[in-house]
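Now, the feature entries from TrEMBL:
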{"type": "DOMAIN", "residues": "5-119", "note": "domain 'Tetrahydrofolate dehydrogenase/cyclohydrolase catalytic'"}
{"type": "DOMAIN", "residues": "138-277", "note": "domain 'Tetrahydrofolate dehydrogenase/cyclohydrolase NAD(P)-binding'"}
{"type": "BINDING", "residues": "G164, R165, S166, I230", "note": "NADP(+) binding site"}
Amino acid sequence: MAQIIDGKKISQEIKEELKEKVAQMKAQGIERCLAVIQVGNDPASAVYVKNKKKACEYIGIRSASYELAEETTEEELLKLIEELNRQKDIDGILVQLPLPKHINEDRILLAIAPEKDVDGFHPVNVGNLSIGRPGYVSCTPAGIIQLLKRSGIEIEGKECVVLGRSNIVGKPMAALLLRENGTVTICHSRTKNLKEITRRADILVVAIGKPKYVSADYVKEGAVVIDVGIHRMENKKLCGDVDFENVAPGTSAITPVPGGVGPMTIAMLMHNCVEGIKG
Ligand SMILES: Nc1nc(=O)c2c([nH]1)NC[C@@H]1CN(c3ccc(C(=O)N[C@@H](CCC(=O)O)C(=O)O)cc3)C=[N+]21
């Protein structure tokens with residue numbers, strides 16, 4: 001029987017550990033504050049932002065919330081970021097994505113001071129990860145490493161296949177698996193003979209952004225499958241990039257959606273806020 005990897009439980013464990021750490025830091029007079037910026041009122045973003053603020057409250061760090069109108073200009077947003085970059089009492093800056101179309105996301109992410117970039121999206125942090133230097137690591141892939149480690153799944157020497165090549169998930173995921181001494185292949189929507197490659201995986205991370213895209217014929221018997229996708233179906237239920245019912249029986253371990261990778265993203269954001277930059 002496949003082990004269902006419980007992201008909710010593991011994320012809770014991490015938040016408990018962080019809560020304790022925050023209490024110790026407070027006793028030494030150290031406080032943390034995360035600035036959370038949301039532009040516009042996309043309902044999905046509003047839910048995520050609310051969950052991030054709730055997590056801050058739970059572990060005991062302050063959050064400063066900036067809810068900006070849809071019409072906010074790129075210049076106005078840049079000005080706010082520059083102000084927050086300068087403020088000594090702000091430790092982390094998170095700009096919720098996606099941004100409205102009239103704002104250049106790239107320019108915004110580049111404006112966040114790398115030492116406050118708790119999302120790990122700034123090119124300096126991305127670069128540091130790829131050459132093995134200390135820096136903030138993107139929360140979703142960092143959370144996946146924690147899921148694997150805390151579920152007793154070894155990475156070293158394993159065939160790891162990442163399906164998807166986004167800057168936020170696929171690429172940093174590959175870098176992290178490599179850092180853990182996995183043998184890493186990245187494949188994507190244009191890959192030829194995709195199934196042949198995904199079927200080689202001992203650990204398959206799916207972040208292709210298509211609902212229920214991966215069926216059992218993509219997966220080797222006994223593989224570990226991590227599903228990064230999150231989609232709302234017509235019946236309002238959530239599903240991932242993996243067809244869970246079809247794939248789960250042939251795996252040794254698999255993450256569900258919801259309750260898999262999603263909660264880990266927020267736990268690792270909290271980790272980044274509390275721990276700061278470390279090796
Ligand atoms: N600057 C920025 N940083 C992000 O980290 C970021 C972002 N923008 N924009 C959107 C994506 C998406 N994301 C998720 C976080 C938590 C869940 C999560 O907790 N999911 C729950 C379900 C939540 C629900 O019920 O909708 C689960 O999978 O169990 C999902 C997705 C962070 N993102």
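Even glycines carry a Cβ here, placed using N, Cα and C.
Annotations in TrEMBL come from automatic prediction, not curation.
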Please list, in sequence order, the residues in the chain of G164 (NADP(+) binding site) that are at least six apart in sequence and whose C-beta is under 8 Å away from its C-beta.
G170, H188, V205, V206, A207, I208, G209, V228, D241
NADP(+) binding residues G164, R165, S166, I230: largest Cα-Cα distance, in Å and rounded to whole number:
16
Under 8 Å between C-beta atoms and at least six apart in sequence, can you list the same-chain neighbours of R165 (NADP(+) binding site), or say none if there are none?
K171, I186, H188
Counting across all protein chains shown, how many other Cβ atoms sit within 10 Å of the Cβ of S166 (NADP(+) binding site)?
16
Per DSSP, what is the residue count of the domain 'Tetrahydrofolate dehydrogenase/cyclohydrolase catalytic' (5-119) in each of helix, strand and coil?
61 helix, 18 strand, 36 coil
Model confidence over the domain 'Tetrahydrofolate dehydrogenase/cyclohydrolase catalytic' (5-119), averaged pLDDT:
97
